[in-house]
Structure formats: C-alpha cells, structure tokens
Amino acid sequence: MRSARALLLALALRVCALDSETPSAGCTFEEDDDLNQCEYSQGEDDDFGWELVRSYMMPHLTADLPHGSYLMVNASQHAAGQRAHLLFQALSENDTHCLQFSYFMYSRDGHSPGTLSAYVRVMGGPVGSAVWNASGSHGRQWHQAELAVSLFWPSEYQVLFEAVISSERRGYLGLDDILLLNYPCSKAPHFSRLGDVEVNAGQNATFQCVAAGKAAEAERFLMQRQSGEVVPAASVKHISHRRFLATFQLDEVSKGEQDLYRCVTQSSRGSGVSNFAELIVKEPPTPIAPPQLLRAGSTYLIIQLNTNSIIGDGPIVRKEIEYRMTSGPWSEVHAVNMQTYKLWHLDPDTEYEISVLLTRPGEGGTGKPGPPLISRTKCAEPMRAPKGLAFSEIQSRQLTLQWEPLGYNLTRCHTYSVSLCYRYLVGSGLNQTFRECAKMERNANRYTIKNLLPYRNIHVKLILSNPEGRKEGKEVTFQTDEDVPGGIASESLTFTPLEDMIFLKWEEPVEPNGLITQYEISYQSIESSDPAVNVPGPRRTVSKLRNETYHVFSNLHPGTTYLFSVRARTGKGFGQTALTEITTNISAPTFDYGDMPSPLGESESTITVLLRPAQGRGAPISTYQVIVEEDRPKRIKRELGGQECFPVPLTFDDAMSRGSVHYFGAELPASSLTEAKPFTVGDNQTYSGYWNPPLEPKKAYLIYFQAMSNLKGETRLNCIRIARKAACKESKRPLEVSQHSEEMGLILGICAGGLVVLIILLGAIIVVIRKGKPVNMTKATINYRHEKTHMMSAIDRSFTDQSTLQEDERLGLSFMDTHNYSNRGDQRSSVVNESSSLLGGSPRRQCGRKGSPYHTGQLHPAVRVADLLQHINQMKTAEGYGFKQEYESFFEGWDASKKKDKTKGRQDHVSTYDRHRVKLHPLLGDPNSDYINANYIDGYHRSNHFIATQGPKQEMVYDFWRMVWQEHCSSIVMITKLVEVGRVKCSKYWPDDSEMYGDIKITLVKSEMLAEYAVRTFALERRGYSARHEVKQFHFTSWPEHGVPYHATGLLAFIRRVKASTPPDAGPIVIHCSAGTGRTGCYIVLDVMLDMAECEGVVDIYNCVKTLCSRRINMIQTEEQYIFIHDAILEACLCGETSIPASEFKPTYKEMVRIEPQSNSSQLREEFQTLNSVTPHLDVEECSIALLPRNRERNRSMDVLPPDRCLPFLISVDGDSNNYINAALTDSYTKSAAFIVTLHPLQNTTTDFWRLVYDYGCTSIVMLNQLNQSNSAWPCLQYWPEPGLQHYGPMEVEYVSGAADEDIVSRLFRVQNITRLQEGHLMVRHFQYLRWSAYRDTPDSKKSFLHLLAQVERWQKESGDGRTVVHCLNGGGRSGTYCASTMILEMIKCHNMADIFYAAKTLRNYKPNMVETLEQYHFCYDIALEYLESLETR
C-alpha cells in the first residue's frame, strides 16, 4: 500500500510539472507517448542499441532499476568499450531555447557502468568532441542536465547521446525526458553570437566568447575545433553579474589551422555551446622573381622591383626594398612607391643582396623577402696613397720598411695593388740611377728591399692602384747603414823598400761603403835570407787616421820579405784585406868589436889578430877579407865606422904595380869563421888566391877586417880596423919581443881565469835549476855579457859579478815560488805525474816565473793534488783544523787591530788597500776624478793580473769604461745578474747596439748566449784616439741568488773559456760581481789555484785567500764560499780538461778506445769511471717533494726521483690541484732549462703530463721507448689521441696531422687549456723514435739517431724554440743520452769542439741516472764522430 501510494504521488507531481513547462518538443517515453512522434532514432554506426524499459510491463524487473518508461543500457550485457548512440531530432531554433534531459547511472558496487556523453552536430557536419559527459555511479535516482545551444538561423543542429561501456561492465545507464524548452537554461549559460576571425599567417588569433548566465554554472571553458581538437580558455573575465567573457588564443597560426571553432562550457549539470565561427588565415605576399638590376655605379645600384607575380594573399598595401652586404650582419629597408628604385650611399666594390618586401593588411602582413638580387658595386678611385712610410730596420745592404695598414676605406676596392718603387745612385761617379718597383703581396704593410749598396740615399715611394685609378705617395729618403768597406785595390799599393824601412802608400777603397774612420796595416816577416831572423815573425799592426794613406815602417830586418795587409775600417768594422809582399834591401854586415882590441901577438914581420864572425843583416856572410894598409905618415887616417871600405879586391902584386897603399892579404870563406879565432897577418900563406906576405918591419900597418854579403846580385860590405902595427926599430927589437911575450902570457892567464869563473857561474846556475829554484835569467844574462865584454879586466871583477848573482838568488821568495823551493825534493817527479794525470793527462805547461806577492805560511802548508780529496774529507768531518776555523782565522787580525786602536787600524787598513788601488787618469779640471772602487790583484806568477771592482752603478759607468781603456783590458768577467732578489745588483753598463759613455763609444759587435753564461764582444773607441780596442765581457748567469752554485762544472768551464780567450799580452782581467768581493774572490782563487795545481801539483788555498784579503776586503765572504772553492778545485783536479777540438777528435777518440794490454782497460772506460765517482748522490732531503705520500703513486720507481731544485711545478689547476710531476728541468749547452726530462706517463699521470707540456711552453716531445714494453712493471700506454680530440683534465689535445718513416713517427697536436681559452693554443710536435730496441742500452743506428736530432732541431727553429720534453721508461739513461747528444752537437756548431764528459757531468748534476751505462757514454762519442764525418762529406 505504501509503495502504491508513493507511485501515485510521483505520477501526480510529474503531471503537474509537464502542465506548467509545456515543452515544444521532446520525448518522455511514457506509456501514452507515441514513440514515433518522439523523433529520436538509434545510431547506425554503433555497437548496440538503447533498450526501452517500461517497469509496469516487467514484473520481474531488478530492484536496481527505477520504475517508469525510459531508455536503458545494461553494461553487464555488453563488452567494454562498446557504444550505443541515440540521435535526437534535428533542431533549427532561432530564439533562445534549452535542451533538457534526465539521466540515470547506477552500479550496486559503486563502479562506473560507463560514460554518457552528449554531442552537438551542426549542419550535418562532423560530430566533433563531446560537449557534455558524465561517468561514475550516481545512485538510484535520476539527474537532470541542460544543453544551451546558441545557433542561429538558418543553421540547424542535432544532439547525439552516446553510452560507452566501462571496463567493469557493471550497472546501468538510463536516459529519459529529453525535452526542448522555449526559455533559457537555468543550469547552463548561453553564448552570444561568435564572429569570424581573420589573421595573417604567423600571428596570434583571438576568439572572445560572451556568455549569459551564472559563471559558477560553468566548471570548464573550452574551444572546440570542428575537426575535434580542444583548446582551453586563456582567461575568463566577468563583465557584469550574469555576463562573462572567455578569451581563447591560438598562437602563430598557420594556413593549416584555418577551420571552424566554437566555445563550450561544461559542468555536471549541463553545457553551453556557441555557434561555429571561422578562423581565416591569410598568407602574406612574396614576389616570385628577384628584382632586376638596371645600372650599377661605385656608390649606387638602380633596380626594378619586378612584383607582378606573387605568392600569397593580397591586397598589397606597401612595397619595400631590403638590402644588406652579403658579408655583413646588418640590413636596411626602404619604402618604395615606384617600380624602379636607386640605392644611394653604397660602398664601392661591395657585394649587396637586395630583396623586395610586400605587405598586405593586418598585423604581420609583411611577407618574406622575395628572391634576392646579388650585385656588386664598382670600384672607386683610391682615397689617397698610403701614409706612414718609415723604416723598421736599416742595415747596410737591406732596408726594411713599413707603412700604415691599407684599409678598405683607403683602397675603396678589394682588387688593388701596392707597388713600392725606389731609386738610388750607382756607378763609380754616382752618375747613374738604379730604379725598380716591387709589387707587394696583398695585405702586406712591410717589405725588405735587399741587395742595396751601403751608405746610400734610397728614395722610396708607394703607389696604390685599383681598376679605377692610382695614387702616388710622397717620396721618402732613407740612408742605408754603413758596411765594412770594400777591399783596397792591390794595384793602388805603392812602396819604396830600404834596408830597415819601407815606405808604403795606398788609396781609399773603391767601395768605401761608409765613412772611412781608420786604416789598419798589419805586417809580418814571412821569409828572410838572414838566418838570425825568425820567420814567420810576430804580426804587428799599425792604425792610421782616415786622411793618412801612407806609412813608414821602421826597425825592419834587412833582406827580409814582409807580408803587408792593408784594410780600411768604417763604423761597421774592417773590410777586405789587400795583400802585398815587400822585401827590404840587405844591409852591410856588423861586427861585434868594441874599441880596437889589442893584438894577440906581434913580431917584426907578423901580427896576430883575433877575427870574430860578423853578423849578416839581411843576407848571410859570403866572404871575409883581411886588408893590410900601409900607414903612411901624412895620410889621412880612416876613422872606425866612418871609413870607406874596400869594394874592389886587390892582390899584393896588383897593389905593387898600381902603387896602392892597401892589398888583400887573405880571403876567407864564411864557413871557416864560425867562431872567433886568431889570424896571423904576414904568415906568407895564400888564402883563396890572395898572398899574405910578411910585413916589412920598418913600416907601420893598419889591419882591416872586411865582411861581405851577397844576395841576388846585391852586395853589401862592411869593414873595421882591428889592429895597428907600428914600425920596428932595431935597438928595441929584442925588448919588444920580450914585451910581446909577457903581454901574451898575461892575456892567456886572464883568459884562463875568466874561463874558470864562467864555468863556475854556469855550474851554479845548473845546480839552482835542478833544485827547482827560479833564477833571474835576465840579470844572469846581463852579468854574463858584462863578463864576456870585459874579459880582459881583473879576475876579482868576475868574482864580484858572481857574488852578485848569488845575492840575487837569496832574494825573498814569493808565495808561488815558495812551493818550488820546498823540501819536497825527490818527491817532485811523482807529484808531477799524479797531478798531470788528474788534470787530464796533458803535459804540464811551462810556467813563467815573474814573482808573486802571495806569501806562504808555516801553519798552513800547501796540499798535494794527490792528497786533496783526503784533505777535504778531513776538513768536512771536522777532523783536524776544519773549514770553520780556517775561515774565521782570516778576520782575526782585523778584530785585534780594531781593539787596539780603531783609528790607527782603520788608517793602516785604508793605506794598505790604497797601495793596490787602481788610479784613473784625472779628468781635466777635476783632480778628484782619479778614484774608482777597484784594486789590482796578482795572478799566478803575474803581477796585477786581475782588477777586482764592484758592479758599476749608473753614475760610475763612465769611470768603469775609462778604467778598461786605460788599463788596456781585453776581458771583463761579470758574476752577477742585473737584478737579484728584487734588488738592483749592477747597472747595465753596456749598450744593445752602440752608445757613447762620456767620450768613449761602446759598440756591441756580437753576443753569444749559452746556458750558463754569455759572451759579448765590444769595440771601444775614444774621442781623440785613433786606436780601437776590442773587449769581451764574460757574463756568468748561473750563480744562484743565495749561496753558491750547487756544482762547479759550469763555473770551471767558464773560467777555462775566459783563460783561453784572453790574449797573453792583454791588460788585467776586470772581475766584478755586485760589491766586487765574495764571488769575485772565489773566481780569482779558482783561477790562481788551477794554475798552481797544473804547474806544481799542489794547491795552497788558505794562503791564497789570506793574501787576497790583504788586497781587498771580504774577498771571501762566507764559509760556504770557502768550502765551495775546495770542492771546485777537487772537481777540476779529478776531471781535468776533457774538451777535444773537432780537428783532433778522430785520432783522440781512436786512442781513447784503445785497450791497454797491462790494465785491460781503455781511457774511455776510465773516464766513465771518473764520471761515476764525481756524480753527486741525492740525499733523501733533496727529494722531499717526490717522497711525500700524496706523490708516491706518481712515481714509476722510488729509486729514480727528481731533486726538489729541478722540479717543474705544474701551474694549470686540475681537481686536487697537485702540482708535482716526476720530471726535471735541465740545461742544454746553449739554453738554460731547455729540456724537461720525465718518465713515460703513467695511467694516473697522463693529465699531469699534458699540463706540464702546456704550462712550460714545450713545443717538442721526444719519446725514446716503445709502447707496452714487456720489461716494464707498468704498461706504457698511449697518452695521445690519434686521430681526433681528447680531454685530459683541463687540457684539450687535438691530433692535427702525422707522418712516419722507418725511424720516426711524427705527430702534430694542438694543445689548449679549456679553462684559459684566452691564452690560445700551443702547437706541439711529438717525435716517437722507433729504432731503440727494448733490451738495448743504445739505439740501433747512429745515423737514424742523428736524423732524430736534426728533425727536432728543425722543428724547434720553426716553432719558436720552446722547451723539449724528453722521456723514456724511467726518464734516465735514454733521455740523458739524447740530451747529451744534443749538447755535443751544439758544442761542435758553436765552438768546433766536443766535450762528452762535460755534457754527461752537467746532466748528472740534475739527475744522477742520466747517461746511465758505459755503452751509452760510448755512444755519445760515436754520435760526435758520426756527425763530424757527415760534415766532411757535405
């Protein structure tokens, strides 16, 4: 009853509702409805149909369904996804209306039975997207929804309901009461009419949908495209209480998006649907053809637009021209209103790209540029000629010019040429002009004119040309530098020879090549017929001023041929030499007689005279003649030296027949009178056809001795009166004979006594020499000559001379001489042999004995070279005296004197130094200008051999050069850098080219830079002097800023170079550091001790230093310097001189490798053993960085570690920022730190390796091992990319190219730090040497190894001479062999000598394992020999 009552109530309510709403169309599916009138239909393209349910006809209807009549879908009876369509009748309503319907969705378990959707199809078009949908389980009741479709006449639409079965397939969907109401919907908003939108392609399209109703009724706003796409609303804006605006935007629409669009609101209670509006997309127009060129000029182009055919939509409302340079980023647009257009203000010779732009209405209506016209303007005449013509370098025969870079604004054409035209005068009279024009390369602003004449005015101008014209620049005049002059013409040399003089005249060179400043004439005797003249003689030089073209050479030897060389000099040096040979005339012989000697004997008819040999002058004596002349009473007597001699031979018989007063009594060949011998005049003998008759007792005679020289038809003779015989009287004849006999006896007695004295004197000299005592040979010679001249004097006079000689022997002995006077006696010979061996095996040179001020002491005797090693070891271990005590003893006397009397001590000190101070010649008007802080220091047996001075300050530079000039110094030794520890230690007192210091002009002639020192050669000229001095400066650059050098190898080589380069007759050697004390003193002591060790086999360092300190204060400043001197002398004695001249290398090497049978060894093996003994061993403290725990894994072996002092610390940052790598910086012969020796990179050090290469600017890598060597504990991996690019930490390594032959693989890499790209890249060439087998100590081929050295050298020159990384397995033996070989080749090229020991020793000072084995050391000799032999075959 209750259910029946409820049903009746529901039916009553429904009837009331229907009566009040009165729908104009629809379907309620009730029993009394005519279903044919409902105008709905089932879909034809769905899966199943809707089921009509009438509950009163179904008694067994499930309780899940409501009662009544409706359409229903049972989800459980259909498959998931199947659809059922219900189509409502087509509607064309012009007024506002509402489509209302009820729906039922229920599932007992709450699952969704499916989805119910509503679609609105317009004008039979596509269904599109659903305008409304619902899903889920909504309970066992009906829900009502509305569709507010805003369509306007004549459009019609049809609503389609769709049920889709869910995957759960449970429950029911129902549809009922589909009614068309003629009033607005209350649950869905109504849209106003939506208008069409037109936009240009690429623009944004905006639809604005205005809806009436409650905005809250709309849960979503959508725009639906007719094809089905859905666009969400961009924004929703309330216009009033019941009106709101939904905006939809389509971005950058294209032609393909042109379609119909409508607005939709959606909610569970219904949807609002607008009419379809069209989106119209217009394509902006673009010309089909490019514009047409009508005419081109240098600054304009005239074109025709050519816009008749277009692509896109019209109408065209604007035309524009867009143009730009084809190579430029900018563009310009000009509006055009005509079919032709002229583009102005264009650049000449420039390519332009010109396009036409067309525009239609609307935003974005401008189309893409049409096809471009590419055209080039013509060239224009150059703006002007190039300016700024100037020289960058002027030499004597070439001129390097530069000018302003030629920009486009100047050339106004890309096709142009620059010609450099020049002219200058030529010919002997400079009456001809040489002209030439050189065409420059493009973009060049620098050019070198070569093959010019020195010291000429060169007139130069630049001409700029292009196809439209040319511009000539102003002519600029330059003057080439001077050059050495040409040679003096040999035919211009004229001369007049005399006996001991030659007059020589010459003319100026035909090619002076500058201003002649000086002539230099050198002459040397090269041949002489006089055996007393030594040929070749010393070479002497005479300098003449530029206006003096003649000279008289005096003090020449007669009969001697001299080679004269004449050369002219300009500011650039001397020119070619003109040579001529001139022979002096022979001169008359000379006699060694003083006053007329007494005859040796005399009788009535004879007289015995002493004939002494004459000295030929220019020619040997050919004949001696004895002339007898009767001394008549009234005859004019001949005076000795002034008389005319007897050129015509005359026998006795001829003289008698002619009545001559003289005759030739004898003619003696020169060979018969080689020493003084008696001759009896009147002995009645015949000599060479001349009778020597007895003299007449009653006549007085003058006896003449004549010598004759004859050479090449030229005869010279000289005579001297040697005796006078008085006439005999009969009464006195016996007495005279008795007197003569007594005189003869006296003479013989005196001669015998003199001979005894002479023998005693010579014996004493021999004894002294054998005892090793020096003898003043000059004085001894004088005494001997004095004795010989006065042989006839008293015998006690001779003994007086001898006692004088003995007194000279007892003179005080010098420091150096004392060592020769020591009591070593018999030990000397053994010491000589030992020291000679230690000094290199060369014979000891002859040492001069000129005295020395170094006085030895008894407490500190000299040390034998053989005992030096033991002595130094004892001193270092503090056994005995010790270095510290010896060093401090140098200053004990100074302290005592200061305590006693400071004023006096200081005054004595000053006066002591002042005695040895260098005093300059005062300048005019400045008497105090004689001071310079410099002292004379004695060398070994050479007084004042050194000048110790301070490094010149700026204000003292002129005084320094005055001293060098005044003292005729040829060598300057500098042992400091200009700046050390941030402080100026010495001013740069020399020029880089040429500079005046006061009145002294210093010119740098040449410079030679080596790894440890530099040699600069200067020419000194002084105003008012014609002489020109050459001075060499030896600048040692390897002395560290603190302490002393780590090893003495380089310093010893430096000292030897200075000694070898200093002429023996030069002035003192100037030595300076900063203060002229410590380092200067070390150098002097080493120089003196090296000479002492070589000459005496001993060294006396202590007394040498002591004496030095008495000459100049603080000559040895620290105990460290004192110890260093000992170590350096020891190294010199152990190693000796090991350099070999290139010319002697082959025989020397052959001797060195010869096996001695007794020792079964060779000199080369012993030299290598010496190398091992002097190689320093590294202590743990010296390798502290390599031994740090964090660095252990970066070492291949803990036995081969680099010392801290040689480490190249890494600069590039990478991760942990560790800056250590197992590598060492080492010198070559010519460059400091030229090599970086390292081991083959490990897997964890590859990045470090490339950091090292980049940080230290290494342009070459030399690899001497093979990859994956089996004898390695770690595999040798490839550490480079090939091909391609690879990153190693911050380093980017790119393989650029490669080449290979049978010996070497060469690869080129580009390396850069990607964290510092602004630094640019580094080009590195990698040389992998293939000919060194894994188990060999030396390369397989010397020739291939030389090939490697040559390739690396060539690349180093091309790449700017960067450092070279050398590596093998452990960075030792092989790497050392390569570095040593490079050094040896540098020695040969620089100095034409090789010193293999020095090269190996230098490298081992950095790493003891360099040149590791005897075979590798031997190979270095082989490489030197191979290279020298290759030079001979070139």
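Placement of Cβ uses the backbone N, Cα and C atoms for every residue, glycine included.
Here the structure is a predicted model, which means the values were calculated and not measured.
As annotated by Swiss-Prot, active site, phosphocysteine intermediate applies to Cys1073 (among others). Annotation note: Cys1073 (active site, phosphocysteine intermediate) sits in a coil segment as assigned by DSSP. If you draw a 10 Å sphere around the CB of Cys1073 (active site, phosphocysteine intermediate), it holds 26 other CB atoms from the protein chains shown.
According to Swiss-Prot, the feature active site, phosphocysteine intermediate maps to Cys1368 (among others). The Cβ of Cys1368 (active site, phosphocysteine intermediate) lies under 8 Å from the Cβ of Leu1239, His1240, Met1263, Leu1264, Asn1265, Arg1374, Ser1375, each on the same chain and at least six residues away in sequence.
The disulfide bond annotation in Swiss-Prot covers Cys209-Cys263. Counting only same-chain residues six or more apart in sequence, the Cβ atoms lying under 8 angstroms from the Cβ of Cys209 (disulfide bond) belong to Phe191, Ser192, Leu194, Phe221, Met223, Leu245, Ala246, Thr247, Phe248, Cys263, Ser274.
The feature domain 'MAM' is assigned by Swiss-Prot to 25-187.
Taken from Swiss-Prot, the feature domain 'Fibronectin type-III 2' covers 385-483, and the record attributes it to sequence analysis. For the domain 'Fibronectin type-III 2' (385-483), the model gives a mean pLDDT of 89.
Annotation comment: Swiss-Prot describes 597-677 as domain 'Fibronectin type-III 4'.
The annotation domain 'Tyrosine-protein phosphatase 1' is assigned in Swiss-Prot to 876-1132 on the grounds of sequence analysis.
Under the heading region 'Disordered', Swiss-Prot lists 824-851.
Summarising the annotation, Swiss-Prot assigns signal peptide to 1-17.
The topological domain 'Extracellular' annotation in Swiss-Prot covers 18-748.
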Other CB atoms, at most 10 A from the CB of Cys263 (disulfide bond): 27
Secondary-structure category, per DSSP, in which Cys263 (disulfide bond) falls: strand
The domain 'Fibronectin type-III 4' (597-677): DSSP-derived helix, strand, coil residue counts: 10 helix, 29 strand, 42 coil
Counts of helix, strand and coil residues, the domain 'Fibronectin type-III 2' (385-483), according to DSSP: 4 helix, 49 strand, 46 coil
